[in-house]
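Peer 1: I'd like to ask you about the structure that follows.
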Amino acid sequence: MSRKPIIAGNWKMNKNPQEAKAFVEAVASKLPSTDLVDVAVAAPAVDLVTTIEAAKDSVLKVAAQNCYFENTGAFTGETSPKVLAEMGADYVVIGHSERRDYFHETDEDINKKAKAIFANGLTPIVCCGESLETYEAGKAVEFVGAQVSAALAGLSAEQVASLVLAYEPIWAIGTGKSATQDDAQNMCKAVRDVVAADFGQEVADKVRVQYGGSVKPENVKDYMACPDVDGALVGGASLEADSFLALLDFLN
């Protein structure tokens, strides 16, 4: 079945509110119709108000880069999914390897966050991916499959069909190394196969799976040609308006 592609830029810890506003103003009017593709940027928490406001009359969607799994309470430094929804965010990125690595987030944390995000009417972009060591040991499919199963445990079939999964091999994030077209296809298919095993083929056929890891305008077309790659989660190439817009050339 045909799935609408989704291209999402992850700014990580970059841009102040003025830079975020300038970026949105530079890209918003040049984006293609939402009939063709969904386009989003994941802004740092300090930029979300500005980014959402700047994007509100355009087709650009806005993601938070993380949230907590409780709506309110004594959780210093955390971001409420309820407040993200009230602010007008569309997506929340969870489970990014940098969060898992630097902030010791577990599969259980990510599962709780996914449930909290859905409870507040937002859509999770759930990241998964293996280290170079796991990849070289030939255990990538097994490892990533376990991450996906754990992250989605207890969600409904309808919820899983509507979310986005982002496969990002850790060894390709910000390293300039990128997975081959075959690697990306095989792993995104493996992710989809896990969804099929856990929730049925119909759900697996609907869920969108992105590839991420050193995606740039020069290679995005190759990845998007893969039958099981439905989009890209893009870091460095999403920081400049021109390179971000160039990622959408795969549509031509």
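Cβ from N, Cα, C; glycine included.
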Peer 1: Which of G174, G200 shares the substrate site with N10, W11, K12, S214, G235, G236 per Swiss-Prot?
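Peer 2: Looking at G174, G200, the one Swiss-Prot places in the substrate site next to N10, W11, K12, S214, G235, G236 is G174.
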Peer 1: Hey, how far is E168 (active site, proton acceptor) from S214 (substrate binding site), Cα to Cα, in Å?
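Peer 2: The separation of the Cα atoms works out to 9 Å.
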Peer 1: Could you measure between N10 (substrate binding site) and H96 (active site, electrophile) for me? Cα positions, answer in whole angstrom.
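Peer 2: Approximately 10 Å lies between the Cα of N10 (substrate binding site) and that of H96 (active site, electrophile).
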Peer 1: Other than N10, W11, K12, G174, S214, G235, G236, which residues of the chain come within 8 Å of the substrate site, judged by Cβ distance to the Cβ centroid of those residues?
Peer 2: I173, V234, A237, S238, L239
